[in-house]
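A.B. asks: This is the structure, below, for whatever I ask next.
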């Protein structure tokens, strides 16, 4: 009845009421195989390009259910083997049971025959009892135990026992980059075909020549082997250079941790006790630079790099005539005091060196055997890039100093050298060769000798040091072994502009003041340091340091501060503006009696000096605040700084010295 009744539509109260047109409107929805939940912005690291790259391929498969079973198909090899094994086991079981039953029946027959003979009299008891006994015997025989045959499973799988755990499934995907393709197109013309044939003919001719000269081939093969060895070495060196930068940074970090207290002192420590010292100052020892292979060599030259303010070069040799041997050139940085950045070895001892201002990777070096050379730090070789020889006009005595000059008119690199042979030579790098020009010969006045056949022989002075004026390009000073200082010009090769009777022994160093254009300083083995005005023949200041003075240097931050080192192992720092008569600091730097200090240099930026000695050690020391005191601020006035202030400061001192003479 219910089915026969008319069906009525029931509308929910919140149903939308749509028009006939809206109801008939179709909405198409396209189903795609793409997974809407799959991430589209997966980024993975590309080892080839060494960067993170977005992956274009996205796995769209979504697994809803997966189950690992242990069923085996009947038709498979393993299924057939197991079914055969089960069938053979079933066949063996019934045969065994039949054999057992036959044996039992035989035994029972024998027993029955014995019983009949023994119980012959009992047969007479009656037939009824015999029938009952036979019936009991017939019922009694025990039925044999037959093994239950295992029914084969009707389903298409075989049961297998397994104790091993199923390994979890892991997915691994690999996306390869498409191979790079390039389009190549060319046109073949008549002349190109002709050239190809000519090349082929030339190859054939060469092969014929090779067959004729087998000896040459053998030699070439040997050369090739050598070349291969070289290439293998080069490849090894390439591998080393890849990690060398990282290793260098690591080494510097380890050193910074090891010498952390020294690094902190270098950056931040200021000696507070200077306030109570009454103008006296101290030198705080920082890092000590030493290298195993330079223990028996003396520090013969020190120079700071003009670009990298923490880098300096050290030349090693010997000042002893009897102990001459190999030399070394090392470049150290204050960031790594334990090992040099660059190591160059030389056959002869290095006596002097100088960095080029515009090309800080070039170093001019002078040797004990009279040669000069240019080292390029950029090149990996330990040999100099350019070197003089006997043919190219080398010095006959040790080269005591070299200085780079401005490039010549043709923009060729140019440097000067001074030697004990009395020659000042200009070396120019022309077409990868060092070309020499004798600028001046240091002839000593009043020493002409009468030679054979009326020849006038003039003895030459032995140059030991020189320095070029900071502003006047042609003007330079030369110190000699006789104690004289010559004021020379590049334009006059036969005469001197002036001669100063400066010292009684060899002039070890001469240097122009970096601020004042007229003032220069000199030091000598006669224990004195003298400050001169080059327009006046007599010295402005004379200081006796009670020991032979090895080197003297102006400070880069003040026109009145200079430092000197003596052979008794002491460093002396003066500031003429504070004390015109005595050193503000006299400190023992080298303790050993046999050891002597040879050179000192101010760092161009930091308040640090480096000092070299005869044991091959370089010690860095920090100047205390009293040694680098700047003018104090006055109330309501700004402190003036700059070259003009430094020049005025030194002029004021010089005027004090000149006044008595003028009166």
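Yeah, the Cβs are placed from backbone N, Cα and C, and that goes for glycine too.
Relevant sequence annotations retrieved from TrEMBL are reproduced here:
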- 86-147: region 'Disordered' (REGION)
- 103-113: compositional bias 'Acidic residues' (COMPBIAS)
- 206-235: region 'Disordered' (REGION)
- 206-225: compositional bias 'Basic and acidic residues' (COMPBIAS)
- 500-533: repeat 'WD' (REPEAT)
A.B. asks: How do the residues of the compositional bias 'Basic and acidic residues' (206-225) split into helix, strand and coil according to DSSP?
C.D. replies: 19 helix, 0 strand, 1 coil
A.B. asks: Average pLDDT across the repeat 'WD' (500-533)?
C.D. replies: 87
A.B. asks: Go ahead and report the DSSP secondary structure tallies for the repeat 'WD' (500-533): helix first, then strand, then coil.
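C.D. replies: Output for the repeat 'WD' (500-533) reads 0 helix, 20 strand, 14 coil.
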